[in-house]
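Engineer: If you scroll down you'll find the structure; I have some questions about it.
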Amino acid sequence: MNLEAAKQVFYEESEELLAAMEAALLAVETSSGTQRAEHLNAMFRAAHTIKGSAGLFDLGEMVAFTHRCESLLDRLRENELALTADLIELLFACRDHMSAMLAAVHDKRAMPYSAALEAQLDAYLNQPADSSALPPARRPEAQVERQGSGEHGVASDYWHISLRFGPDVLRNGMDPISFVRYLGSLGRIVYITTLYDALPEPDQMDAESCYLGLEIQFAAAAHVDKLAIENVFDFIRDDSNVRILPPHAHIADYVRLIKEMPEGASRLGEILVRGGALTPLELDEVLGIQREQAEAGEHRQLGELLVEERLAPPQAVEAALDKQREQVAHKTREHRAVRVDAARLDGLIDLVGELVIAGAASQLFAKQIGNATLLESLSSLSELVERIRDEALSLRMVPVGDIFSRFPRVVRDAARELGKDIQLELAGEDTELDKSMVDKLGDPLLHLVRNAIDHGIESSELRRQRGKADYGTVWLNAYHESGSVVIEVGDDGGGMQRERIRVRAIERGLLGADEVIGDQALLQMVFEPGFSTADNVTSLSGRGVGMDVVKRNIEAMKGNIEIESMPGEGTVVRLRMPLTLAIIDGFQVALGKSTFVIPLDMVLECLDLPADTVAANRHYLNLRGEVLPFLNLRQLFEVGGIAPQRQAVVVVQYGSHRAGLVVDRLEGELQAVIKPLGQLFRGVKGLAGSTILGSGAVALILDVPDLIQRAAIDEQRRLAVSSQQEAKRLSLREENTR
Amino acid sequence: MPISSAYHHDRCALHLDGPLTIYEARQSKQRLLDELNLARELDIDLAGVSEFDTAGMQILLLLKREAGRLDKPLRFLGHSKAVLAVLDLYNLAGVFGDPVVLASGDEA
Amino acid sequence: MAVADSKKTILIVDDSASLRQVVHLALVEAGYAVIEAADGFEGLARLDGRRIHLIISDVNMPNMDGIAFVRAVKQLNDYRFVPIIMLTTEAQEDKKIEGQMAGAKAWVVKPFQPEQMLRAVSKLILP
């Protein structure tokens, strides 16, 4: 770990805190009472923590700004200021400014500065409090004394430090040993006298209390001043008696010192002389003055005035603490999180992948040897490996809520900008997907959400006309479905206007003027480059990426995108993403001498290929009354040799589509570590990757979504051909009948 | 802290083993005072004192003063490094009036 | 602080991971061993019998704040005399006093430089 790494953590953590602050800001508007207090507290804590960390990295400007935010939030917390809509706006702006500052630090750019923001903050900070707040109590300072009669200084070149420790210093963990040691680091301890006169009778003595006093002659190092010496005793000054006299302090100072210490003038005087603070002559003078004053009735002992302020905690607290302690173990299990560099995680997953392969190889060899005991122990080993694999993969998984959380703010801002009333509903935030995908999904989702707000949701009047609620609803939903993660962006707006898409598609030459096209295919047109049906480009969605970029981004992650839209009722854009990219449970099949792997979670069932299907040269099966198109993989991949007598069909599903894949043999389940395709196969369609089998042989992983699409297209083409033939036949017949 | 005692006529030899700090202070104080009250002469071997703090030192100061009051010979022996460091810091080695020697392997 | 030979162990309790890391780094460089915890609950869980020579605790933390944590530590037989440094801000004089009442007599004001923390620590224990 080094400072740069810590800085990285600082960025991430600050981002999280700013996100939490934003969530609290969004929620605080509509909250009240303890809930509101909690939100304010969360915001305060965010600013407070960022300030604290920024200080560590010496980010002065950031500390100064966050400090003002913190102070403002503190005033809000204390109800000194009322939380108005303007103030909430200001806090939003402050949050954004902090975020900008953070980005500047990260990119090593100049710190942004906003005079307007600072002025607004100052205006609130200088506003008098609603209720009168008492100024914070000042701690009494240790005094360096120089007053009274006896105006001339003593001969000693050293500082003199008198300490009488409070009874609780040891119990508080403040052992005088450590302070004396620390003092030693600021110079030289010339002489030290330990006073234990206050040690009581054995039965009176509490072994945990401190009864000591110290008289120290101290030669300070060159740079050490009064304040530095005072600071040594910061932590005990409140309950101990600390007197610091500079070199050549006045006689009068020593008079006061002796007067205030509990040991008595002659005893302390003797100690001061022995330590070298006073010469015998000086002591005589001190004692003389002291006697005069004592006779004048001024004598008092400070020791008597020492106050014992701490109280034993009441029994009720004890009981409450016991309960809290019970919860400790439970709570920590819930909240403990470890930050790990993503690269290290990937490294681990790579290794686990190798482990899976090595495990499979061992099992294969064991099978060849035929040693039952070995096989048994290897099988329990592979069970463990499987569990490690699952655990390791789950480490990469993060809840999709991590992306969703930015959208309340997006929707709020966009709605304001467009003057629309829009509510956002989030569902399935706990759905997990691969971390690397989470990072890449942010922008596409942002675009889709903005689109929904801008183009989807109608104006309030139109909504009223259509008998809908005044406020529009945009929702984000995520769930798992057959080995994929589905993310939906939906709205209850006007739906996509098919006529307009059609017109635009014809304009752009994507569609013939009279061409008939399926509904889904028409909707898919919006993903064509440069396609926009918006009448006017707004500042919101008209900028930045188009839908074509969204689609490309999704497909780059091996996901796909589909649109469902009902006129007048709304639109749902559905993203279907693979769960993970590293290791899959696979189903192994063989074609001739080659082995292929089908992702297991896409496999529905396996059956024998009916002989009549082959004979009839049909390309679809009757699967319990349902037409199932199938692909002959032998043909597709041009596998040599002759097909066996009986072939098998693997029924696969992706989304709502199904297809059958015809293979030679079924070889059972395996774990496949996905490796990229070699150069040789890169251009081949229908392959998603490769994997290494336990035997060391390479197997190819099938790209099921692609194959299903192919099967569907083939089927359509064949249908089209046959209907054309049908049409030809009909027209021939017509001609004949003429 | 474990304190073992061995009697030789009226003379008691105590061996302190482990930490002598505020955490053990109450127990240690009582045990040592009891031994002092029982014995006519007391030798306390500090060679085994692994940790030592101000609370520990106050107990030794108390014992020394009590022994003086009871007029019983009390000697501290084999001061461990931990003990010596604290005595030095407080400039109290002289107060104990013993020949302060470094802990060595052989018994005093 | 007792005088002993082995390396001193410091527990730092703060919800900011970056603050923990920087302080951790500075303390380890100065020769201390360091254990981290993100809040009071976790801090208490770390007090599992091992020797701790000093605790550094933030005041403002989720779940269990610094004051409640200090009160709890003071109830634990093996840890009740461990010196505790509270991390406060200048705006929180009341919190600082509350912390002192609870038994955390030392404090460092946030934001601070690592050297400031080291100074405060070395007033209480040595590596």
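Glycine is treated like the rest: Cβ placed from N, Cα and C.
What TrEMBL lists as domain 'Response regulatory' is C:9-125. If you look up TrEMBL, you'll see C:Asp58 marked as 4-aspartylphosphate.
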Engineer: To what whole number does the mean pLDDT across the domain 'Response regulatory' (C:9-125) round?
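Structural biologist: Summarising the domain 'Response regulatory' (C:9-125) by its mean pLDDT gives 90.
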Engineer: Translate the DSSP assignment of the residue listed as '4-aspartylphosphate' into the three-state scheme.
Structural biologist: strand
Engineer: Based on DSSP, tally up the residues of the domain 'Response regulatory' (C:9-125) by helix, strand and coil.
Structural biologist: 49 helix, 26 strand, 42 coil
Engineer: Can you name the residues of this chain that are 6 or more positions from the residue listed as '4-aspartylphosphate' yet have a C-beta less than 8 Å from its C-beta?
Structural biologist: C:Val13, C:Asp14, C:Asp15, C:Ser16, C:Leu19, C:Gly66, C:Met86, C:Leu87
